[in-house]
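Participant: For C74, C76, C89, C92, the entry in Swiss-Prot reads Zn(2+) binding site, with the evidence type sequence analysis. Residues or ranges marked as Mg(2+) binding site by Swiss-Prot on the basis of sequence analysis: D471, D473, D475.
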Amino acid sequence: MTNSNLRTENHFDYVKITLASPDRVMEWGQRTLPNGQVVGEVTKPETINYRTLKPEMDGLFCEKIFGPSKDWECHCGKYKRVRHRGIVCERCGVEVTESRVRRHRMGFIKLAAPVSHVWYLKGIPSYVAILLDMPLRDVEQIVYFNCYVVLDPGDHKELKYKQLLTEDEWLEIEDEIYAEDSTIENEPIVGIGAEALKQLLEDLNLAEVAEQLREDISSSKGQKRAKLIKRLRVIDNFIATNARPEWMVLDAIPVIPPDLRPMVQLDGGRFATSDLNDLYRRVINRNNRLARLQEILAPEIIVRNEKRMLQEAVDALIDNGRRGRTVVGANNRPLKSLSDIIEGKQGRFRQNLLGKRVDYSGRSVIVVGPKLKMHQCGLPKEMAIELFQPFVIHRLIRQNIVNNIKAAKKLIQRADDEVMQVLQEVIEGHPILLNRAPTLHRLGIQAFEPKLVAGRAIQLHPLVCPAFNADFDGDQMAVHVPLAIEAQTEARMLMLASNNILSPATGDPIITPSQDMVLGSYYLTAIKPGASVPEFGDQSRTYAGLEDVIHAFEDKRLLLHDWVWVRFNGEVEDEDEIDKPLKAESLSDGTRIEQWTYRRDRFDEDGALISRYILTTVGRVVMNYTIIDAVAAA
């Protein structure tokens, strides 16, 4: 489409990341203007003119290459307004279009000498070293101009293909070759730097090497076999993606759009600029100097030193600090390279692409909510009113409490009781999603029924903590509101915490008591050493039921670890119970009493149980009563 206001939609199945060929790099940056002029190459290290504050031509912010810095206005000001759309100014060569093109138009730097891509050279594993079947140290010696490499041994008997030679060794061989009595006709060819590396990679016939490797693998064992498989895997990937190994050596470097590496003016006339501009400037300066030295036929040692410096400048641009000394700025801070911008938590992917802010979401610290049910969470009122505001406004209008949205918002700001009542109705049965970063498995996001709570912290049931890998030492969690009925249904059916009891990885229960719960359960049921055991019938320590013990404990007449006799007609299991009762007594009314270590039973004439009193602690009564109460409620 010619109209730049219209956005085209491209439907695609997948995104593939492969090595870019030199032609592809040029394609990204090179454009043919409507007047037939080809632009795209950045040749000057300048950014902006400090008097006019306009971008320098052919520099890192050039308007001819990247587009105008002001909407519908060329560099020299001859053409202004949208009516000149698409015209290329004959004076300055800038196309009249929108300034936002400076966010996606790229340029390129044509290098005076090839340079190796530091990711493939110094990455782990080093793909260059694997492909060439050479040690990484040797490859580095070649790239950084420390050693020559034999590209063609010719007729020389002592030289081998890919053999490394020091400067002195090569000088000796040269003297031997050019001696008057030399019998060598085909002279050996050696190379140094990324040019030699490129030649070695160009000489690789991937299909033949892959075939040979397959034969070698079938007859190899152990470490050698593993090494061959590793090399074959890399070669197969190159073949499958139609990429050439020599593309790991760069002839041109893409220059990213200027609005992605901006330069802004601060108060007082100073400028703040992206670190990338400094790194690009180093590359351009060294590249231009190398081109000039090659033009004037400078001595080989000077040219070689300049090529090494260019290699180091490109390394710093792509991944500063990966090799050699880290390039630092004015205040001794390492400059952020392209890799630093992409990788890590603050990188482009995790921060900007995967970590986008979304509507109807919030974030707060989590605290324990022991009184919640497992499928519930405590949502602060302040957060709930903000998250569910559209639902609250809709209900306020529908119930004729207010007439319009503006009045509803005023009512919400005052936090009237009516609003809280409506909010309570809205959240009833509306699940919310809780997420704790990092979300390493599907249980990192679960659905809960919200309960309004005071304060500003989200309350979480302690049993769901293992699934989130959460604890209450300052962890934060994000809240998301599913809006559509389908999303709410899915959250309730599939994501509710009470439906996710087993770990999807192992099948073992992930809802297990831990930490505070285990300690609390132990403390509640522990027996205090030396605590006095009352005789049966002691009025202050004998109770008719579990509730009476609970009431006595709440009234502070009993302590948690006090022994009590309590009537309990349920089943009692005790591993320490002896086979026979300690004491058995028949009464005159025909009933029989049996005294055991921890219980006292009374039976009628037919042997049916009339009453049972058990000896236990107050804490154990509390525990038992709580479990019975929870089971009955379920």
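Glycine is no exception: its Cβ is also placed from the backbone N, Cα and C atoms.
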Participant: To the nearest whole angstrom, what is the C-alpha distance linking C92 (Zn(2+) binding site) and D471 (Mg(2+) binding site)?
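Facilitator: Just about 63 Å between their Cα atoms.
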Participant: For the Mg(2+) site (D471, D473, D475), what does the 8 A shell look like? I mean other same-chain residues with CB within 8 A of the CB centroid.
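Facilitator: The answer, listed by sequence position, is I366, A470, F472, G474.
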Participant: How many other Cβ atoms sit within 10 Å of the Cβ of D475 (Mg(2+) binding site)?
Facilitator: 17
Participant: Fill in the CA-CA distance, C74 (Zn(2+) binding site) to D475 (Mg(2+) binding site), as an integer in Å.
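Facilitator: Taking the Cα atoms only, C74 (Zn(2+) binding site) lies 53 Å from D475 (Mg(2+) binding site).
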Participant: Can you give me the Cα-Cα distance between C76 (Zn(2+) binding site) and D475 (Mg(2+) binding site) in Å, rounded to a whole number?
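Facilitator: Pair distance, Cα basis, whole Å: 56 Å.
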Participant: According to DSSP, which kind of secondary structure is C89 (Zn(2+) binding site) found in, if we only use helix, strand and coil?
Facilitator: coil
Participant: Here are some binding-site residues: C74, C76, C89, C92. Which one has the most Cβ atoms within 10 Å of its Cβ?
Facilitator: C74
Participant: I need the neighbours of the Zn(2+) site defined by C74, C76, C89, C92. Which other residues of that chain put their C-beta within 8 angstroms of the C-beta centroid, in sequence order?
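Facilitator: Everything else in range on the chain: H75, G77, K78, Y79, E90, R91, G93, V94.
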Participant: Please list residues from the chain of D471 (Mg(2+) binding site) whose Cβ is under 8 angstroms from its Cβ, counting only those at least six apart in sequence.
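Facilitator: Listed in sequence order, they are C465, Q515.
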